[in-house]
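Undergrad: Pulled these features from TrEMBL for this protein:
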BINDING   28, 66, 69, 244  Fe cation 1 binding site
BINDING   66, 105, 207, 242  Fe cation 2 binding site
DISULFID  156-221  disulfide bond
DOMAIN    23-245  domain 'Calcineurin-like phosphoesterase'
CARBOHYD  111  N-linked glycosylation site
């Protein structure tokens, strides 16, 4: 891990490139609200992430939301930060890694501002704004990449994971009060994607999946608002969680990575019939599994996405070309 403190501008000047070889991506990892405030699956996944960071190489962790089940945190001193995060992700391979964090729907049930403020209390926790940008450089080359982190709850409204029906499926999106916030975020994203025209890889991340075969399924809101931007700007991949499994989908020249297996595991393919034909290349949600996560490696010639179970077993691997190739 290289020692540096990267900027993540909301707007204005371009960020200083942040050198990386690879990173880990984990969603829906946030324990439980009762003692011991973690699940066996979270503990196993945390240990496996530490081993993967050492063996595969990782410069940071991308936290894809639902960081604290079921109702987020109360304030920046909430003991859940210690019980569910600091005392759980303690493997040697993880201790020096920064976490770049975005919010999920369960985080919005609590105080997201407190999660942002916690970044002033922990050197590991980086969450400067509901949406923000990281400029990445590939060491030993002149190649750059960009990671754009979104708040899809502000874009598309909240959900309840414990209701019946297509919770995050077709729906109207955010209510009228949220429309200005959603519009501002989309304008910011458009500007950042335009600024990324010369980057070799562009990655976008949010909690809700745009495409998913799982229990929540595709998001009509993201299909309308985000998919055109991803395709028009030749985005390499969109990373998400929300559905509690591991998936890879390919549609319209964009890779869709679902990594939501950090705390729960669900094998439902309820929305498999709602996907474009042939788009689902990988799905893993065995209820007996101890959990899983994703490793992403960026090299000038390819972006490699590796899906790992908490046992250490490699489940699947995808290799994506640079933009314009």
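Note that Cβ sites are derived from N, Cα and C of the backbone, with glycine treated the same way.
Quick one: how deep are these features, and who are their neighbours?
TA: Within its own chain, residue 28 (Fe cation 1 binding site) has 64, 65, 66, 104, 241, 242, 244, 260, 261, 262, 263, 264 as residues 6 or more apart in sequence whose C-beta sits under 8 angstroms from its own.
All protein chains shown were included, and the count of other CB atoms within 10 Å of the CB of residue 221 (disulfide bond) stands at 22.
Model confidence over the domain 'Calcineurin-like phosphoesterase' (23-245) is summarised by a mean pLDDT of 91.
For residue 111 (N-linked glycosylation site), the same-chain residues that are 6 or more apart in sequence and have a Cβ closer than 8 Å to its Cβ are 72, 73, 74, 75.
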Undergrad: For the binding-site residues 207, 244, work out the Cβ neighbour count at 10 Å and name the residue with the minimum.
TA: 244
Undergrad: Could you measure between residue 156 (disulfide bond) and residue 207 (Fe cation 2 binding site) for me? Cα positions, answer in whole angstrom.
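TA: Their Cα atoms are separated by 11 Å.
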